[in-house]
Amino acid sequence: MTEYTPKERLYRALRKQPVDRMPAVCFTQTGTVEQMEASGAFWPEAHADAEKMAKLAEAGHTVIGFEAVRVPFDITAEAELFGCGIKAGDLKQQPSVIKHSVKNLEDLDKIKNYSLDTGRIGTILKAVKILSEKYGKELPVIGSMIGPFSLAQHINGDAWFGNLFTGEDIVPALLDFCADFNIAYAKAMVENGADTIAIIDPTASYELIGGEFYEKYALPYQKKIVDAMKELDVATVLHICGNTTNGLAIMDRTGVNAISVDQRVDIKTATGNVENAIIVGNLDPVAVLWNGTPEDVEAASKKVLDAGVGILTVGCGIVSMTPSANLQKMVECAKNYRY
């Protein structure tokens, strides 16, 4: 069989086309302290500096061996753009949302005039361009963003779930706003060189909101993003935390190319629950990759591969203290696998 470039290989694998072997990629957060030390680009500065962000993302390829480059390393830049307060994090901890900006429709109107060129959103787009110009012909460039449901929760805060249950007008209005922003942001990423979009929507977990609420408040808005990317021939990967086994069939209706599942999902069951998307995952980021040994990683990888995973990767974002040797072993296992 033809030997493909990493870019060609992932393009084909995400579209269920024959490939020479499994891609070795990560669709979730890739930054670790060891990569920071190797690259000289450290958190939290790398969250807000395009050159440092690109340099740390590059380390995922040059240090670990991932056959793709991916930015950013957190899911708070979007909320920050819309006036939310952010705790910057540190060398080991990612940024987090600590203050919310929209309580009602009047507040929502105040954040509608935004620019993608400002703040950390602009920084991320610059980092995508830097990476694309250096690696885009050979490697996939993955642009990641928080999904519309989780972004709405970040913006609306603790009131969000109460508003869902009482059917407040702010809910569909904010979800429409977030999905439209996601589409504009994803298109800007593509314009700057991204060829794959990862949608990280943790608060939309089936474990948290159930099938009825997912179908009403998450599915249509995620699907809008996916449909917009399909028009550009850009693959999409949806990651939602928790045991999403019983929700996979609904998630599959978004039309995404791949669904990323965490370590609590049984891969064999998961692959039987979807018709269109491939299942990617789902090594335990804590017990196996952070606290385990390369031998543990190899054993866990074999189990996941034998269960029929579409692409072997991490079950959630990589813990910043994860040893490079463990990630390198995961990459090796993926590269050695033939479908």
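Each residue, glycine too, has its Cβ placed from N, Cα and C.
Remember, it's a predicted structure, so these values are computed and weren't measured experimentally.
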Listed alongside His239, Cys241 for Zn(2+) in Swiss-Prot, from Cys316, Cys333, is Cys316
Close in space but at least six residues away in sequence, with Cβ under 8 Å from that of Cys316 (Zn(2+) binding site), the same-chain residues are Thr28, His239, Cys241, Asp262, Gln263, Pro285
Neighbouring CB atoms within 10 angstroms of the CB of Cys241 (Zn(2+) binding site), all protein chains considered, total 23
Per DSSP (helix/strand/coil reduction), Cys241 (Zn(2+) binding site) sits in coil
Cβ atoms other than its own within 10 Å of the Cβ of His239 (Zn(2+) binding site), all chains, total 28
